[in-house]
Structure formats: structure tokens, C-alpha cells
Amino acid sequence: MHLVSVIQRGVWAVLLWPNLLASSVPLDCREEQGILSRCPSISQEKLLDRVIEHAELIYRVSEESCSLYEDMFIPLQFQRNQVGYACITKTLPVPSSKNEIQQISDKWLLHSVLMLVQSWIEPLVYLQTSLDRYNAAPEMLLNKTKWVSEKLISLEQGVVVLIKKMLDEGMLTINHSEQGLLQNGVQPQMLESVMRDYTLLSCFKKDAHKMEAFLKLLKCRQTDRYNCS
Amino acid sequence: MFDPRDTRVSRWSGGCGMLWLLLWLLPAGDGSRMVVQDGTYKDRRGPEEGAVTTRPHIHYCRSPNMEDFSCWWLPLDNLTDGEQVTYALSYSKDKGPRHECPDYGTAGPFSCHFDSSHTSIWKIYCLNVTAVTASGNYTSQEHCLDVAEIVQTEAPVNLTYELTDAGGDEMGHSALLSWTYPVPSDLQYGWITLVYELQYRRATEADEWKVKHPLRESRVELLGLPVGDYVVRVRCRSHNYGLWSNWSAALLMSLPTGPPKGKVLVPIVVTGVAVVALLVILFGVMPQGRRIKDYFLPPIPNPRIIGIDPLLLKKGNLAEINHHFSNFHSFSPPSYSEEVWDQVSAGDAFLAVPKAFCVASDPTGREKDALMFPCDLPPASAAAAAAAAAAAPHGVAGNPPASYVQSVSPYCSLPPQAFAPPPDRSSWSRPEIVSLPCTEYSVMGHPGLPDASAASRGPQDFYTCVQLMKEGGEVHLVPCLPPAYCREFPPPPRVEKKEEKKKKKKMADGQARTNERNDGGEEERSEAAVPLLPLAVKG
């Protein structure tokens, strides 16, 4: 009798465990036909896809802004070539050669992206104020740079969430210790504001491309580890 | 005492019953989750739908552009009259702390609006709303959403159509449909990329929609639609997130019967023209075929020399031939009668110092050209003659015979020859106005010319000379008389001397010219056939 009741309870428990757990919040989402179930966070694949799209968009708009700026304010080719050496993010421990990138781990890829993103939030705000002071800056350029700086903040949030999800790390504090980067990186010979702004824009364009590339590489590694470049 | 077997059986049966109960409950347990899912999905019907609720229910959440979103809930129904109710919505993101709704009013009553600063596409929002009444708090079910998943763009607007001729081999019309998205700022920078779907059907066939999908641009061309009425509608969606928008307002498109006017007109005109042309050809042209052919393609004439009819030469009689040939210049028909030769002394013949010259037809056999014949006139009148000959000739027919003055000039050095009397010699005997052959002068014939010299009158009869020139420019013409009469008449009065020098110069030039012409003419004449002058000859 005792045994039977135990068995009964056991059977109850076994058969009812999904219902028991239903009221509690599950740790992971299960998607059925794209419809969201009661889960507290977005799946990792979706997150990664969205982050990549975000980064693509940011890169595209920054590229457009840079070429707009070039056409308006930098007519000579030799001036355009000068900016390659003065990017402010040179000092960051971000991998830059193809070899390095291939050897780096997923974790460091993500962290590099985060570092890049975080290091650009302040300078973009600075760029925005600088452009506002121009007489002849076109409306579209201003709007684009503003949009980019907003979306960059959003991207930062996304990357943080992604890191938390992928790497199971705790809540990362938004680290703005790179604030001093701008002052450190300014070359003395580039005090002219037009060249300085152009430097900022084109460096940001390059870094945005880097972010996008890292994220795409990450995505590729999720699906097929050994076939990515 | 209990029978142990009975209790066992009863317990087992109870257990089995419970088992069956469990088994029956299992799908229900899963179903509750399904219900939740359906709830979050089905509830996006629209905020207007009402339902009987004992507690509030968040039934509709939507983001138009993935930058902000709103949620609507259904209020409590079972309220007693006069009861105050307030609603409070709270949300959390990804198991984070709960916050209150930032904006209750923007989206209307019983709604909560999250602006862009409160919207994150990286986290899931879980919301619930609590109705606070006097009798207690009623909390709705938890409603969770992912912002990107609830993106529903606005319906397209301004759906219009433009008809064009189908062109090519297509019959009927082509319709170019175009529409616009009502909030173009959302599409800036590529934040949202739209894909469209268009459906159309004939007005008479309900529910048989033809679909055009996917469309990346906000226009499409439907080719070769047959005649009739159509209903068209279009909707859009963000290409990788979210839901289809509502349908745009349906557009009624009617294609007129028949092709556009321009297409009908051309064949009609062409057919009409062709029919008319055919009729003209049948009834107008063909009977006149030969004439038209002759008009357009005149028959090539057989080669002929003017005036010589080969048939005539073959079988005409001699008189006719002579008559024809006499029209030629310098032809003298062979005379078979005895020639009468006049004696002419050397003194009579004046060597020509050509002071004036006349154009005449020279019937000598030797010269066939029109000959510039020097007339020996006194200088004044000779000059006048030169001037007059250079000028347009006037008819001087109006001279009355009374002022007719005989020419004094001896006639010109022409070897006398006997001629057969020219056919129009008889006209000389009468004082009538004669238009001389190859001249344009008409002159009064002198009645008194003696017939004795008729035989000896030769080419001079055909010539006329300018005797004098009047002040008005008129020239006075007289026939060039044979020398027999020259001595009888006094010379005409001389004209003023002051014109002499000029006129002498002219004469010299004229003389030089005449000499040249004569020389050249002689050369020519010695050569082969000389072309006949197509002068009108009055026979």
C-alpha cells in the first residue's frame, strides 16, 4: 500500500513535471513556428542576427556620411590619403591583421567589438557638436551622423546582451574609461578642424567595418567552425 | 475485516482512474502554454474588439517602425456603476526590474506607449496591467513580446493606376500601379526595408485574387489585362521582421473596351486610303492607261532632222522638196532654167567698209549662217544702226510712207548672183508691211521699185538697213537697195558731230567683231554640217 502510494506519487510527479515547471520561468526560449513562447529573453541566434544587421547598417550610413563629407570639404586626393595613420583606436588591443583574427577566440572577438563600440560613443558626440558649428554642412550629413551615434549606443546594448548570453558572463558595466582616448590620440599637426573631423569620420568608417566583419565571423563560426575566414 | 484483494483492486482501479485523469490532463498542460502563445498572437486583432473580462487583458501590441511601440488592453467589464478604476501597467525587460509604463495617453485610452528611449530590440518585454478598484486589484495575465516581432508597418496609401496601350503583340491595356508609404522617414537610412504584395481580381469574381509578390519597389506594371473592372489592393511588410500591414484601400480600376483611340484610328485611315486608291485606279486610271503611259513615258521619237522628212526625200515631188529646203538658210534650189547674169562693173561694187551691219537671211548657197552683213551707210546712220542693232529692235512699222526716205547707201559687196526669184518677191511690189525673214523689222515696202532690177535683186531684198536714228531712239529702216538707186537719191542729213567719236569707236569694235565673226564663220562653214538655226521662218 505504501509502495502503491509512492508509485502513484511518483507517476504523478513524472507526468506532471511539465506543468510544474510551466509556472516558473524557463531559462531558455523554445520557438514554435516563430511564435514567441513565454520566455524571458531573445534567443542567441536572433540576437546575433540583429546585432549583425545593426552593424551593417551603421557601417553603410557611416560610409555615406564619410563620402558626403569628402565631396564637400576634402577635394584633394592627397589629403584623403593622410588620414590612415591617425586613427584614435590604434591604441586599443584590437586585432587588425587577418592572421590575428583567425586565431582569436569567440570571446575575444566579442570583446573587441564591444571595445570598439564603446570607444566610439564619445568621439561621435564630439563630432556631432563640431559639425553643428559649420556654416555649410548639409542637413543630410548632420542627420546621418546623429542617427549613427544613436544607433551606436543601441548597438552597444545589443552587444552587451549578446556577450551575456553567449559567454554567460555577468552584467558588464558600461565602461567609458576610454574617454581620454580622444585627447590622447589627437595629432598635433591636425588641429585644423576640417581635417580632424574628416579623420574621425574615416576612422569610424573603418572601425565600423571591422565590427561588422568580426560579428559576421562570429556568426560563421557558430554554424561552421572550420570554414570561415 | 477487509479483504486485502478488494482494497488492492479498488486502489488499483482508483489508481488507474487517476492515471487516466493524468493522461487526460497532460495535453491540457501543454495546451495552456499553447493557449498563451495563441493569446499573444491572436490578440493582435485590434484594440476595438471588446470582450467580457473579469480581469484586464492586454490584447494588442504593435510597433510601426521598430523604434517605439504601444500596447492596448481591454478594461474590466463587470464593474458596478460608479466604481472608480485605474490601470497600471508594469513591465520588465529580460527578467530585469519592473518599471511603470512611461506614457499612458499617447496611443489612446487603455494603452501604453514606449518611445524610442524605452524601446530596446535586444530584450523581451513582459507586461501586465493591474486594474485597481475599490473591491480589489485585478491583474492581467503576463504578456511578453519581442519588439522586432510585433513590427507591423503602416498600410500603403495613394494607390493609383495609369493606363497605357499594351503595345507590341499584346491586346488590351497595361496598367501601371503605384502607391506610397505614408511615413517615409521610417525608411530612411535603411532601418526598415519594405517588401510589398499586390493582389488584384476582376470585380465580378470575388475571392479569386491574383497575387504579385514580392515587390521591392512601390510600383508595378500589369501587362495585357483584358477589358473589364478590377479591384486592386496592396500591403507591405518589413522584409525580415514582423507582420504584414493592413490592406490598403481597395482601388477600382476599369479598363475601357477596345483599344485606345489612337490604335483604332490608324488602321481605319489606312484602309480608307487604300480603298479610295483602289477605286481611283480601277475607274480612273485603267481606261486612260495608254494616255497616262504616254504622259509619263513619252515615246522616244525616231531620230529626225528638222525639216527633212525621209519619206519626202524618197517620194516627194521636187517642188515640195525645194519648198522645204528653201526654208533653210543659204539653200538655193538648183535651178534648171537658164541663169541670167547681170553685168556688174568693178566700179559699181563697193568694197565693204562695214559701218553698219544687218542681220538677214542670206539665201546664198555658200553661206548658210545668218550673216552679219555690212551695209555701207553714212557714219551717222551707220552708228545709229549699230546702236540700234545692239539695242532691242523695235518695229518701226508706224512710219508713214511720206517720211520714207530712200536709202542712199550703195549696197554691200556681195557677189552678184542670179537667183531664182524668191517666193515672196511679189510682196515687195506692194506697199505693205512685210516682216522680213529672219529679221524682226517690218518695213513699208516701196511701191516704186522697178521691176527691171527685180531679176538682179538678190539678197538685198531681204535686208533692211537702218537709215537713220531719230532722237526718240526710233530707227528708220529701209530696205537695202541695189546700187542702181543709190546715186539717185541724196544722202541723208548728217547727224551731229559730237556723237561721232563715240560711235566711231563702237563701229570699230563692231567692225572688229564682225571681222572675227566672218572669219570664224568661214572656218566653220568649211567644216562639216552646220547646225540649222531653229528660227521661225515665214514662208
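Placed from the backbone N, Cα and C atoms, the Cβ positions cover glycine too.
Bear in mind that the values here come from a model prediction, so they are computed numbers and not experimental data.
What Swiss-Prot lists as signal peptide is A:1-24, and the listing cites sequence analysis. According to Swiss-Prot, the feature disulfide bond maps to A:C29-A:C39, A:C87-A:C203, A:C220-A:C228. If you look up Swiss-Prot, you'll see A:N143, A:N175 marked as N-linked glycosylation site.
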Closest of A:N143, A:C220, A:C228 to A:C203 (disulfide bond), Cα positions, recorded positions only:
A:N143
Just give me the nearest neighbour of A:C87 (disulfide bond) among the recorded positions A:N143, A:C220, A:C228, Cα to Cα.
A:N143
For A:C228 (disulfide bond), just count the other CB atoms lying within 10 A of its CB, please.
14
Pop the Cα-Cα gap between A:C220 (disulfide bond) and A:N143 (N-linked glycosylation site) into the table, whole Å please.
33
Across A:C87, A:C203, A:C220, listed as disulfide-bonded residues, the smallest other-CB tally within 10 A is for A:C220
10 Å Cβ neighbour count around A:N143 (N-linked glycosylation site)?
14
